[in-house]
Amino acid sequence: MTQINLNYFWCSGSLLLGVMALQLVTGIFCAIEYLNLTKKHLFHVKVGVGEPGPIMDGLVSDLLRFMHLWGASLVFVCLLGHIGRGLYYCSYSKNPVLWSFGMILYVVILIEAFLGYLLPWHQMSYWAGVVISTIFLSLPVIGPHLYSFLLGSYDFGDGIVSRVFCVHVCFGFVIIALIVLHLVELHKIGSSNSFNSGDSYSDVIFFHKGYGYKDVLLFLSVMLATLLFSCYSPWFTSLKENFITPNPLATPTNIKPEWYFLPFYALLRSIENKIGGLIAVVMLLVLVWVPVPGWVI
């Protein structure tokens, strides 16, 4: 049973779950084909652009990669919409534990997306890794030790790619576990609603067919749009630096990360001190985690 007055904003959770499933499936195929060949930028699949192989295999491989690329942006569209709906309707006040699981999941997905951004090993991903790794290096006392432990060496080079790939895959299982915990906690109390009304029998209907068809229709529409973008405009969100082999001696003129990293990148750039920028990013996440005027339990 579910609330009768839920609108399309409440489809963001089920849509996000479907998009994460898409990322899992396409990610598995990309991982199977992935090769740690840092000298061959962008083409780290055995059968892909510029690689010999059957035409059908090459097309399918490219389509899966492009869907995984567009799926990353789609995940954050759904995720930010899901968080925005929770903030607007004060859903965090009904179940703070559920909200905490969701925010932890958001942070883990951010890390997962950044690790995936490094794997193509182009000019922009290389320098993104350099910027983030130097933040760890600037930490007092433990900074140099943590830096060498994470990178496996004393500089950000080709050897880091295999480590990033391993952690990227492992974080996928962490995300699955957090999604399960999030759903279990959700079903303990149930979804909030736009009027914060009670759970009396007159206020609820069966989830299916009441909302099941709505979720399925929205998911199929989004998947169709993703497929069209993957076929006709696969590199729409990519910059020209994404097609350049990493060059440690040439910093990109205009460093611009993916759109879902822009708020955090702006904070890091707005504060000259690296530790200060890191603290600002953490404070931004805490502000969303513990909304103003606070939790109403």
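Note that Cβ sites are derived from N, Cα and C of the backbone, with glycine treated the same way.
Look at TrEMBL and you will find 1-195 tagged as domain 'Cytochrome b/b6 N-terminal region profile'.
Per TrEMBL, transmembrane segment is recorded for 6-32 (among others).
For 66-85 (among others), the entry in TrEMBL reads transmembrane segment. Residues 9-10, 12-13, 15-16, 19-20, 22-23, 26-27, 30, 91, 102, 106, 109, 113, 116, 222, 226-227, 229-231, 234, 237, 258-260, 288 of the same chain lie 6+ residues outside the transmembrane segment (66-85) yet bring a C-beta within less than 8 angstroms of a C-beta in it.
Summarising the annotation, TrEMBL assigns transmembrane segment to 97-119 (among others). Cβ atoms under 8 Å from those of the transmembrane segment (97-119) belong to residues 34, 44, 72, 75-76, 79, 82-83, 86, 91, 125-126, 128-129, 132, 160-161, 164-165, 167-168, 171-172, 174-175, 178-179, 181-182, 185-186, 189, 257-258, 260-261, 264, 285, 288-289 of the same chain, restricted to positions at least 6 beyond its ends.
Residues or ranges marked as transmembrane segment by TrEMBL: 126-148 (among others).
According to TrEMBL, the transmembrane segment annotation covers 160-184 (among others).
The predicted model assigns the domain 'Cytochrome b/b6 C-terminal region profile' (197-297) a mean pLDDT of 77. Under the heading domain 'Cytochrome b/b6 C-terminal region profile', TrEMBL lists 197-297.
Annotation source TrEMBL lists transmembrane segment at 216-235 (among others). Counting only same-chain residues 6+ beyond the ends of the transmembrane segment (216-235), those with a CB under 8 A from a CB of the stretch are 8, 11, 14-15, 18-19, 22, 62-63, 66-67, 69-71, 74, 242.
Under the heading transmembrane segment, TrEMBL lists 275-296 (among others).
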